[in-house]
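Quick look at what TrEMBL lists:
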ACT_SITE  S220  active site, charge relay system
ACT_SITE  D346  active site, charge relay system
ACT_SITE  H375  active site, charge relay system
DOMAIN    140-381  domain 'AB hydrolase-1'
TRANSMEM  25-49  transmembrane segment
Amino acid sequence: RLPCAMDWQVLTRELSLYLENQVRVGFFGSGVGLSLVLGFGVAYACYYLNSIAKKPQLVASNDRFCRFLEEYCPVVTETYYPTIWCWEGRVQTLLRPFITSRPQVQYRNELIKTADGGQISLDWFDNNDSSYYPDASTRPTVLLLPGLTGTSKESYILHMIHQSETLGYRCVVFNNRGIAGEELLTPRTYCAANTEDLEAVIHHVHSLHPSAPFMAAGVSMGGMLLLNYLGKTGRDTPLMAAAIFSAGWNVFESVESLEKPLNWLLFNYYLTTCLQSSISRHRQMLEKLFDMDLVMKARTVREFDKQFTSVMFGYRSIDDYYEDASPCRKLKSVGIPVLCLNSVDDVFSPAHAIPVETAKQNANVALVLTSCGGHIGFLEGIWPRKCTYMDRVFKQFVKAVFEHGNKIFSM
């Protein structure tokens, strides 16, 4: 039947009351709103648990090395739960420097001379209050290598030192020439391929503490440099073992990835300006050999390397430099146990460029590949200010090497 005027009045009044109630309690207080929120939350949780949170892929041809890691570095076999609101690789890469805390570290600086008349700045954390290793002569030592324009002040370096402090170890940070406040005494800086400065630092540190167990950890370009050194020296090194984090395995693939429009906007241009800034204060020294105006016009890392880095170290072309700088070409020659952590969503080192098959041919190498984590990201927890997955891998592996390393050194 057609509604009468009284019916319309009743309906209008009820609708008015309903709308008033909706305004008063709000969308999320209503049953519909709550159901939508709960439904979205359940769907997102299912997606996160099924597609995001995964166990890393452990690649190692040596069963003894695998068992060693499973027993003494179990974090590499456990599910990695990236921060639930921040798991995408680019976001993790961008946010880590701003989110993570910066532990207080008191350094002792040392400047050492090089054969060509230059100098290198080392920042020591002696850990003289170590209760586990009160004898400084036998206190385990970790050499830390920061990334492309990084120094001992980087948050990831400070966290590694904090982890080492709790274990009683000593740390020394190798700052590349000219970026830690010291002056350039010669017109030379650094690159990923030339290992001369690293060799000098390793020899120096070992000569100061010849009885102390000694290993190294490199991050990003620091990891590339360390791998290139290990590929060159084989077993002829005082290092017991090494840990590598977010290394760029193939420089050609890395720069190509970084030159994609979004990656150039987010990372490449900023890195280029950081490189230019690191040499600008040494302009008077460097312009003896370089057209600094041309170098300062670079807008990509490739352009900077073409005009500056490859020329400085005498390469005929940038392709020759990038081939020599790519650690994937030297991985077969590594002669000591090395653990390498990469995320497959790292735009600095694309997944297809990670040398999985080559790693399987060297019993000294183990790769740990996570599905998320970005470049030096590996954030975990709801509010990831402190320990990251990378920090936990570092802590467990250095402890395993220093305290149980005899079980893998006979490989």
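Cβ atoms are placed via backbone N, Cα and C, with glycine included.
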C-alpha spacing of S220 (active site, charge relay system) relative to H375 (active site, charge relay system), in angstrom: 8
Rounded inter-Cα distance in Å - D346 (active site, charge relay system), S220 (active site, charge relay system): 11
For the domain 'AB hydrolase-1' (140-381), mean pLDDT (0 to 100): 97
Number of Cβ atoms other than its own within 10 Å, given for S220 (active site, charge relay system): 26
Greatest C-beta neighbour count within 10 angstroms, which of the active-site residues D346, H375: D346
